[in-house]
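Undergrad: Handing you a structure now.
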Amino acid sequence: MDTTRLKDFFTGLQSRIVAELEAFDGQPFRTDSWVRPEGGGGISRLIEEGDFFERGGVNFSHVTGKSLPASATAVRPQLAGRSWEAMGVSLVLHPRNPYCPTAHMNVRCFVASKEGEEDVWWFGGGMDMTPYYGQREDVVHFHQTCKDALAPFGDEVYPKYKHWCDEYFFLKHRNEPRGVGGVFFDDLNEGGFERCFELTQAVGNAFTKAYLPVLAKRREMPYDERERDFQAYRRGRYVEFNLVWDRGTLFGLQSGGRTESILMSLPPIVKWRYDWQPEAGSPEAELYEVFLKPQDWA
């Protein structure tokens, strides 16, 4: 399979998103190109201590290999003995202001090949938002943008991917969701290659429309140490999910991926507290009681 068209889309998407984020923040992203000795490489774009973003990364990677790691063949035995390539864009953004949510987006494609046999391929991706102080209109906007992006592919797609997102970004050991969700899909190959590629493009292209208006609305909201402290505590959940449950992180580390790029998703300042509970009736309690309850936002 010729994957040039895929690569052109993913690298273009990375460039467009970074340009919008640089315009929003005012500071440039660092560019770090890297080569993977086992095959492939990527471009990491990173901001740390920006005017608005405390830390953020927008990664493109295109990695190849002769055989797959255990995390992949355990769930898909048919992939054993196949060479593979994985390609995509992954980003996580951590604003400094606690009233501005963290966001994650990922779009990717995977192809596994064996001489004399048809390629096995699929797309995956999605986006989700993790507020610290929830605002209903922000969550509705984020979900409505996701819904609109997926509407051309059928009315059933958004509800299915929204539910999948709620299930995937869930901390089983805490019995709570990571945030307010969004959309998530994986192993997508039904309907043919073109439809799957178009759907993946639609998700990637919708990200800044879903997220930047939320940030623009909240970026000037005043905050103090109380809000920063709660933000750092809740960021701990983000770290727990990424290191314990996230399939992409585990695949990257097990397949000899670039550790600096894989762990770029982690926030810079995080706190843990033993058995901490929010004060009844507080804005912090509202996050748990209202926003960390999966519901129909759009």
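Each Cβ is built from the backbone N, Cα and C atoms, and glycine gets one as well.
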Undergrad: Among the residue ranges 130-165, 238-273, I'd like the one that Swiss-Prot describes as region 'Important for dimerization'.
TA: 238-273
Undergrad: I want to verify one value. Collapsing DSSP to three states, which class is His104 (active site, proton donor)?
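TA: Note: His104 (active site, proton donor) is in a strand by DSSP.
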Undergrad: For His143 (divalent metal cation binding site), just give me the three-state DSSP call.
TA: helix
Undergrad: Can you give me the average pLDDT across the region 'Important for dimerization' (238-273), rounded to a whole number?
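TA: On average, pLDDT over the region 'Important for dimerization' (238-273) sits at 89.
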Undergrad: Using Gly257 (substrate binding site) as the reference point, find which of the binding-site residues His94, His143, His173 has the shortest Cα-to-Cα distance to it.
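TA: Answer for the nearest of the binding-site residues: His94.
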Undergrad: Given Gly256 (substrate binding site) and His104 (active site, proton donor), what distance in Å do their CA atoms have, once rounded to a whole number?
TA: 22
Undergrad: Is it possible to list how many residues within the region 'Important for dimerization' (238-273) are helical, extended or coil according to DSSP?
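TA: Split into helix, strand and coil, the region 'Important for dimerization' (238-273) gives 22 helix, 0 strand, 14 coil.
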